[in-house]
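Notes follow the structure.
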Amino acid sequence: MATTNNVCPAPMKATSNGSWQGDNPLDYALPLVIVQICLVVAFTRTLAFLLRPLRQPRVIAEIIGGILLGPSALGRSHKFLETVFPKRSLTVLETLANIGLLFFLFLVGLELDLNSIKRTGKKALAIALAGITLPFALGIVAWAVLRSTVSQGVAQVPFLVFMGVALSITAFPVLARILAELKLLTTDVGRMAMSAAAVNDVAAWILLALAVALSGNDTSPLVSLYVLGAGIAFVLLAAFAIRPLLVWMVRRSPEGEPVKEMYVCAILALVLAAGFVTDAIGIHALFGAFIVGIIMPKEGPFTGILIEKIEDLVSSLFLPLYFVSSGLKTDVATIRGAESWGILCLVIFLACAGKFGGTVLVSMAFKIPALEALALGLLMNTKGLVELIVLNIGKDRKVLNDQTFAILVLMALFTTFMTTPLVLAIYKPARRVTAYKHRTVERANGVDTELRILACFHSSRNIPTMINLIESSRGTRRRGITVYAMHLMELSERPSAISMVHKARLNGLPFWNKKRDDRDHIVVAFEAYQQLSSVSIRPMTAISHFSTIHEDVCTSAQQKRASLILLPFHKHQRLDGALDSLGHDFCQINQRVLRYAPCSVAILVNRGLGGATQVSASDVSFSAVVLFFGGRDDREALAYGVRIAEHPGIGLTVVRFLPPGGEDGKVLMTSCWNADHRVTVHPDKSSVKDDDQTRTATSTSATSAGGKSEKEMDEENITYFKTKIKPANPSISYEEKVVGTKEEVTEVIRGVNKCNLFLVGRRAPMASLDPKTDCPELGPVGCLLASPDFFTTASALVIQQYEPAAHQPISLELEEVDEVQDIPDTPAHTHAGESSSAAAAAFR
């Protein structure tokens, strides 16, 4: 009688001899895992790009990608599965995925601030508890249904705990990104949801530890108690023995000095060692890494440096492997028949009902408005990585069978996917803004009116020039100037983005926490300037995706009643004087702000105005030139120039360009001037287009609200400037130049380029000097000044005046109220020092 022996496949060798030697690289571990990583990353990133219009977090794309690569879709092809994901390779794949997950959980622990959880208010704490207890109770209902149908024969107590944990989890990192995507981070709903989710996250890990302790092979309750006791002992050891060592390392890594490589290596080895200890205890290696992250001191630069060194490699390459390993275990085809699909619908209903019902009931009990309570209930339904970790541990421990695992994975996917569209549908918070009239620098009653500037920046590179420009803009008016310094930060999919979210939720829209220990050096620069000057500074931070961060800028300008938004040009100056681009995203931000701004906008082309350091008021000494062609933008530039000329250390030259007269002049005008005061810009795909993407300049035949044409208003302003402003200020000079060609315009500008600052209007009424420009946000004259062919050391400020008739509001719900009260977080006004000499009259 013949016997059949089941022979185990031989272990895979690490590397091949190459295809020329007859080896198939996919039969060897290293080349195969390289192919797997590349396939997974490309596939999940493509899905993330396709889901971007639906405003879904990347975790959704990674979960769907894992399922599609598994036996539910592409994996149904036996040839594909055996070629790319053969069974003998899964051990290597899952090992790499779990190492990546180990370090990712360490990063999650680093981002979780226990001090903020301690400060959680009663409302958020009650909402968090309700969002845990009711779903856990409904998990018992799901357990009762599943154990009698698709989960017969599994260990009942561990299965009950796993079901309760699976239904009660809220994914804190995923929720933070959804709130940022919906611009809800700093609303009452956002702050409440974040606080409740942080508490929920900690509770979920405690419950998961309990579930893992109960799910061992030995069903004796005594063994479970041993596991729990050993786990508690490890936490105490970490808190009282390991943490002092970490504090010592942090103290020996001060700000401004490089972190020693030995310290980084010690931390990474400690994470792995802690994972080994908790795995030996019988909980899971992930808990050890998470605990090390929790006890890590959060103050100082050490934590940020650790995150920078780890996060990109882990979250970009290794973490997607975990979703794929989960997808390879998920076979949707196991959900067969009406009974199984009915159970799936029941589990989804119970998961949603528990979170939604518990959150809404407690919220209404605390008298939270109905729409906010409904939004909170939907937001708390968010699942994510922790949910998959729970399900995978349950699958590995034989607590969840294939069908139950697939049902719960689809439940997590559905509840997270529906969060964003449903919140968008039912909750559109009206942001209260104050109606105000001073939306431009040019104003009729500018003597005693305050100038409010929203100064935006991406890094510390432009800070000295911006501060020097602000110092020059103080003027001698009694009300002075108030500056809102907004740091624009991108909210990425990196774990470190959550630390920015922590800062955002502590104050307004979103503001830095004044009580923080890790003082931001950029904010410190502005606060130091405020102490040395009489300018009111309010540091702020906008945290959003670059595609929507212009909404934060425009909304903040509206709420702060700003007259001018100051933006940095997307190119910075190198040591050799050339301008390097920071990226197309920064260019797009400026173009969108120009389109939607509720006030005037100025773009600063920085070539080191005042030098590389902040200049004190007594040391300000430079010259500025206003290039005046006509139109509302040039009038705004002239008004700003008059204001900075009030500073005793600044000289101002106004150069007015006039077209030649006569019949010959009319012919010459067509080569340089637009007779209708309309800018001719040659847009490319990334340019700002007329009517669709930007406001066009008003023609000379068009009339203003007062019935005057643009040309008449230009003449009135120039006349007033020559008769009233210039005689009162000896530091101001005025010139008129008749030009008929582009070359003549360029020659005149080159003749005055020894100044320190050019002030120009964005939509000057002349043909483009550079038809091939990639910077339509600067306009024709600004493009010339920023061109590499125009050699100058002067900075340029390109200004666009607010135009009410053409203003496009951003797509946010804004509730405008009467101008009867000040913005709550506006600092107390510290007026500019009044000069004993007569101040120049305000330019009108």
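Placement of Cβ uses the backbone N, Cα and C atoms for every residue, glycine included.
Because the structure is a prediction, the values reported are computed rather than measured.
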From the ranges 59-75, 586-602, pick the one that TrEMBL records as transmembrane segment.
59-75
Could you give the residue numbers and ranges of same-chain residues that sit at least 6 residues beyond the domain 'Cation/H(+) antiporter C-terminal' (621-657) on either side and whose C-beta is under 8 angstroms from one of its C-beta atoms?
440-443, 446, 451, 471-476, 564, 600, 602, 609-610, 677, 697-698, 710-711, 713-714, 717-718, 721, 725, 729, 731-737, 739, 745, 748-749, 752, 754-766, 779, 781, 794, 797, 799-801, 803, 839-840, 843
DSSP-derived helix, strand and coil totals, residue by residue, for the domain 'Cation/H(+) antiporter C-terminal' (621-657)
13 helix, 15 strand, 9 coil
Other than its close neighbours in sequence, what residues sit by the transmembrane segment (373-393), given a CB gap under 8 Å and a spacing of at least six beyond its ends?
57, 59, 63, 101, 104, 127, 131, 162, 165-166, 169-171, 173-175, 178-179, 184, 189, 192-193, 196-197, 200-201, 204-205, 208, 211-212, 215, 284, 286, 319, 322-323, 325-326, 329, 351-352, 355-357, 359-360, 363-364, 400, 405, 408-409, 411-413, 415-416, 418-419, 422-423, 426-427
Would you report the average pLDDT that the model assigns to the domain 'Cation/H(+) antiporter central' (478-618)?
72
Top Cβ-contact partner of the transmembrane segment (28-47) among 59-75, 95-112, 124-145, 405-427 (pairs under 8 Å):
59-75
What else in the chain is close to the transmembrane segment (124-145), if you only count residues 6 or more beyond its ends and a Cβ gap under 8 Å?
156, 159-160, 163-168, 170, 192, 195-197, 199-200, 203-204, 207, 343, 346-347, 350-351, 353-355, 357-359, 361-363, 365-366, 376, 380
